[in-house]
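This report concerns only the one structure given below.
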Amino acid sequence: MANPLYRKHIISIPDFSREELELVVETAGKLKRTPRNDLLQGKLVGSCFFEPSTRTRLSFETAVQRLGGDIIGFADGGNTSAKKGETLADSIKIISSYADAVVMRHPKEGAARLASEFSSVPVINGGDGSNQHPTQTLLDLFTIRETQGTLENLTIAFVGDLKYGRTVHSLTQALSLFGARFYFVAPEQLAMPDYICEELDEKGIEYTIVDSLDDVIPLVDIMYMTRVQRERFDETEFKKIQGQFVLRADMLKSARTNMKVLHPLPRVDEITVDVDATPHAYYFEQAKNGVFARQALLSLVLNETV
Amino acid sequence: MQYTRTVEALKQGTVIDHIPAGQGVNILRLFKLAETGERITVGLNLSSRHMGAKDIIKVENVALTEEQANELALFAPKATVNVIDNFEVVKKHKLELPESIEGIFACPNSNCISHAEPVKSHFFVKAQAKDIKMKCKYCEKVFSKDIVAVVR
């Protein structure tokens, strides 16, 4: 029987069942332990970045090539027919007639969903505006499972910009399928949006809104840090909140031994460099895991069985 | 007291009655009723025993479908929609919120891909507490009904 993600579009985390998330995470683990170079042999993947991205694009392209597949595509929408006014619908109809799957990033929200309606091959969302970035969530889940041995009943703190951070929203939705407990640590102006809190309420998931980073450090298994963007505040406001959401090595003394610090990167100054040397730092390994999570996803979408 | 009809009886078509006063014109425009080319009678700010003031729309020769009637529920949840044939009411639609609504409203998110592409807008509708929430199928943003259901 074909795996449940075979030939499926990968657009948004709420589309996934718990079993499908587990399948990707397990497959990523297998591919990390035992690398394969044959799973995409003879497959051609379209890599369509209508908006530039370094990490996501490079890790997708690494994933495809390491699995023996080939890539066509572009790294910047500025050089494509989109610039001439072609609709995304038309572009995708054509690209999907060339490739076996299309990985895409686009500056507009909903672009991947729309593309999936016009594509003859699976579309994998590599980020659509401020909406979804499902492969980031998959690599986060893989990293959490790798460090904690399970996804069940974990306690997670999200810190920083919880309002605009799409990775935070998707990861919250995904972890709530596994009975997580959340702490949200953010300046008032960047608090978790109501619709996410309402979803958690509906599911009966416990969450606490906290204003001090120190208070949550001893309580959590995962500390998920995000960047507070300077441009969202005026200068004095920014100075006032800046120090409150910075993690330094000396603050980690009270942390559980299994506690890991994650960050979708790039970090600026919200995690000081001295944290890198502590056993809690895991963000660079997390970024490396992006390749395995994307390998897992591509393998499952393009092969009946892996 | 003698009862006089303020709007002429309809031989065949649809009567949308008990529309909250002020919503009649919105409904006409959003549902593009005038574009049917049929004769339409509109009553605005008519007196109503239950509502105080109401609007009413009569469209000749057009029988509103169940789906269309349900879309009306967003603006006028207490409206009555009666399909008339030969001066008789042949169907009374009971309005229920539709699960989704297509092609009527534009997505309020200006960065939503649906605006510049050959697709109809599409919202999933969900009643939540006292509000009705609408989630765009494309950008996945959730809006309160009052933000989406305006004439643009």
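Keep in mind that glycine also has a Cβ here, set from the backbone N, Cα and C atoms.
Sequence annotations record features per position, and here TrEMBL assigns Zn(2+) binding site to B:Cys107, B:Cys112, B:Cys136, B:Cys139. What TrEMBL records for B:6-96 is domain 'Aspartate carbamoyltransferase regulatory subunit N-terminal'. TrEMBL lists B:101-148 with the feature domain 'Aspartate carbamoyltransferase regulatory subunit C-terminal'.
A coil conformation is recorded for B:Cys107 (Zn(2+) binding site) in the three-state DSSP classification, outside any helix or strand. The C-beta environment of B:Cys107 (Zn(2+) binding site), restricted to residues of the same chain at least 6 apart in sequence and closer than 8 Å, consists of B:Ser114, B:His115, B:Ser121, B:Phe123, B:Cys136, B:Tyr138, B:Cys139, B:Lys141, B:Val148. Each residue of the domain 'Aspartate carbamoyltransferase regulatory subunit C-terminal' (B:101-148) gets a DSSP state, and the totals for helix, strand and coil are 8 helix, 19 strand, 21 coil. The number of other CB atoms found within 10 A of the CB of B:Cys112 (Zn(2+) binding site), across every protein chain shown, is 26.
Other C-beta atoms found within 10 angstroms of the C-beta of B:Cys136 (Zn(2+) binding site) number 26, with every protein chain shown included.
Counting residues per DSSP class in helix, strand and coil order gives 17 helix, 39 strand, 35 coil for the domain 'Aspartate carbamoyltransferase regulatory subunit N-terminal' (B:6-96).
For B:Cys139 (Zn(2+) binding site), the number of other Cβ atoms no farther than 10 Å from its own Cβ, over all displayed protein chains, is 26.
Confidence over the domain 'Aspartate carbamoyltransferase regulatory subunit N-terminal' (B:6-96), given as mean pLDDT on the 0 to 100 scale, stands at 89.
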